[in-house]
Amino acid sequence: MTTMNRTLATEFILLGFSKDFRVNIFLFLLFLGIYLVTIIGNVLIMSLIVTTPNLCTPMYFFLCILSFLDLCMSTCVVPRLLADLLSTVRLISLGACTMQFYTNLLMSGTESYLLALMAYDRYIAICRPLHYPVLMRWSICYRLTALLWITSFIVFILPCLLMPIDLCYPNHINHYMCEVLAVMQLACDTIYLSEVMITVNCFISLFLPFFFIIVSYACIISSVLRIHSKTKSKAFSTCTSHITVVILVYGTAMILYFSPSSQHSTSYGKYLSLFSYIICPSLNPLIYSLNNKEVKDTSRKVFVRLS
């Protein structure tokens, strides 16, 4: 198989972080600990929401989806990373690389849109509380969730399927996973259209949802400042967790894909993406459990009941 007299790659070598065995052992223990926190935290959040009647609201329904996305995103990356850290040959097949590539795109894109949907939920709950039972009834929530997944597939997966890229030797990927910018470095031919597509997708998936979130919170802040002081603190408390996650997710993604360094150094993106795919999924359950009174109270009751 050749393209422009170049051989198409059918397997790839993930360069990872280091060839030093002691460094890799340290990283293995570190990432294993973070992954265990991610699994325990997100499974606990989902279990509490599913089994606790007073948490069966649209806000916690979307939080449950967020935990599911974080769990999938981390599981798609970390087990493979842990195995590679203990391996001398870090080969990954084309099929496995493609699966990881598409899964990361779908999960991260869906999370971006989900955070905008969660901001809309808070806007309705605070700015239009009397209309909330109608505008955010369960049938609407299910439709919005379906639209979320369909839109993510159309925006992120469909263009890649319609414009596949041939990858050639040398087959070294300067990353610990099959990440879009790192994989495109191996393209056989000119990838101008693919680069344009990535720029458009980043705008659609990052700037538009982020702008929507900013507008939503501007309306929320304007509305909260006009209400009673006791209700004001409660309204703000339901938003602080979401705002923190938005800053972490969107801030990291924008630096990763729009920083001038990201256009020239995959090593830069390799280390920064650790925050998006490994650290953030472990922090989100902690952020929501520490800042949310209902989640803390429910967790405390469950632990007391079990003990």
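From the backbone N, Cα and C atoms, a Cβ is placed for every residue, glycine too.
TrEMBL does not curate its annotations; it predicts them automatically.
TrEMBL has this to say about the protein:
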TRANSMEM  25-48  transmembrane segment
DOMAIN    41-288  domain 'G-protein coupled receptors family 1 profile'
TRANSMEM  60-81  transmembrane segment
TRANSMEM  140-165  transmembrane segment
TRANSMEM  203-227  transmembrane segment
TRANSMEM  239-259  transmembrane segment
TRANSMEM  271-291  transmembrane segment
Could you tell me the mean pLDDT over the domain 'G-protein coupled receptors family 1 profile' (41-288), as a whole number?
85
Stretch among 140-165, 203-227, 271-291 sharing the most Cβ pairs under 8 Å with the transmembrane segment (60-81):
271-291
